[in-house]
Amino acid sequence: MSKRTLDTFFNPSPKKAKISLTDSKDAPSSHSTYPFTVPQLPPEISDLLNFAPEAEGKAIIDQPDLDLLYFQPYIPGSISTPLFEFLRGELFFYRVKYKIKRGPIETDINTPRFTTVFGVDETSSFLPDGSLIDATTRKPIPKDRYKTCKPRPIPHCLDLLRKLTEAATDQRYNFCLVNYYATGDDSISYHSDDERFLGVDPAIASFSLGAKRDFLLKHKPTPPSDTKSAAAIASETKPLKLPLGSGDMVLMRGSTQGKWLHSIPKRKGGESGNGRINITFRRAMVAGGTENYYRYNVGDGDVMKWDAKTKSMVVWGEKKEGDEVEKKEVKAEDVDKGYAAL
DNA sequence: GTACCTAAGCTAT
DNA sequence: AATAGCTTAGGTA
């Protein structure tokens with residue numbers, strides 16, 4: 001005879017039967033374009049994200065054409081390190097390689113940072129099942145809309161941050177770029193995120209997690225002018241240095257991208273070895289933006305994943321013999337506007 | 001202040 | 001956008 005109790009007789013188990021893993025609210029994010037699934041944030045992190053921003057944003061508008069809002073920090077201090085370690089440990093990254101030609105000499109560039117990207121431009125949107133529809137007609141997109149990439153939906157863990165950031169900054173974002181700077185040798189040189197496909201005066205929210213790194217901004221060179229004072233030129237030339245700490249967020253808006261350059265320079269010692277993650281949210285308006293971001297932030301190289309044992313990014317998944325993957329070469333001419341990081 | 005050393009910044013390719 | 005190689009800045013004794 002069964003040992004079934006009265007209690008279980010009158011309270012039959014509610015689980016097992018119907019609730020599948022993929023329906024569950026805390027199911028990992030998966031998609032045909034992901035090399036592996038990405039877990040959702042543990043509650044001890046996501047619960048506290050709702051208390052962000054921890055500090056009020058401070059406007060930095062005291063220089064010509066500069067419009068920043070600096071949250072120091074934005075992410076509560078109690079979760080910035082756990083969030084950093086979660087993302088470093090759970091996301092897939094790429095070390096993009098390409099060639100540049102300087103005069104007659106061709107040089108191999110090994111991008112000095114790890115990157116990954118999610119999102120799709122305003123002309124398309126993802127359905128819950130992961131398929132892409134046209135944003136206007138709500139019908140499946142034409143097969144040739146994205147010729148060189150397969151857009152990836154933003155995983156839940158990053159999409160939560162995206163939504164909170166939209167609310168806090170009164171802006172909309174459809175792309176999430178993530179960069180990992182493993183040591184002080186990783187960097188990004190001066191550039192602007194002023195691609196045409198972002199539209200005029202784009203707003204870009206940039207989060208820092210992990211090791212502290214200097215963020216340098218300087219005005220773009222201005223055409224010579226007789227009417228400009230030496231002091232005015234000096235103020236446009238002097239770089240501004242923000243010591244970005246874990247949890248900080250910088251919202252760059254208005255004419256900032258059009259008129260200023262920014263970089264994360266290489267650094268000796270100190271922060272080296274701890275690693276820093278940068279997350280940017282931005283809004284691409286046309287399909288060309290999607291092609292560009294995937295080409296230069298995913299590329300066609302190996303998938304990399306954090307290895308806790310060696311405390312480093314290692315190639316994920318072993319290639320078996322006999323299934324060589326064909327790789328396309330990136331042309332130097334296409335690279336100039338390719339990167340958009342910080 | 002001065003000499004020395006290293007990190008940071010600049011620029012042509 | 002990245003780097004090498006050079007110049008300048010900054011710290012230390």
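Keep in mind that glycine also has a Cβ here, set from the backbone N, Cα and C atoms.
Because TrEMBL annotations are produced automatically, they should be read as predictions rather than curated entries.
Checking TrEMBL for region 'Disordered' across the ranges A:17-36, A:177-196, A:237-256 points to A:17-36. Between the two most distant C-alpha atoms of the annotated 2-oxoglutarate binders (A:N179, A:Y181, A:H191, A:H262, A:R276, A:T280, A:R282) there are 20 Å. Looking just at the domain 'Fe2OG dioxygenase' (A:172-285), the mean pLDDT is 89. In this structure, the C-alpha atom of A:D194 (substrate binding site) lies 11 angstrom from that of A:R282 (2-oxoglutarate binding site).
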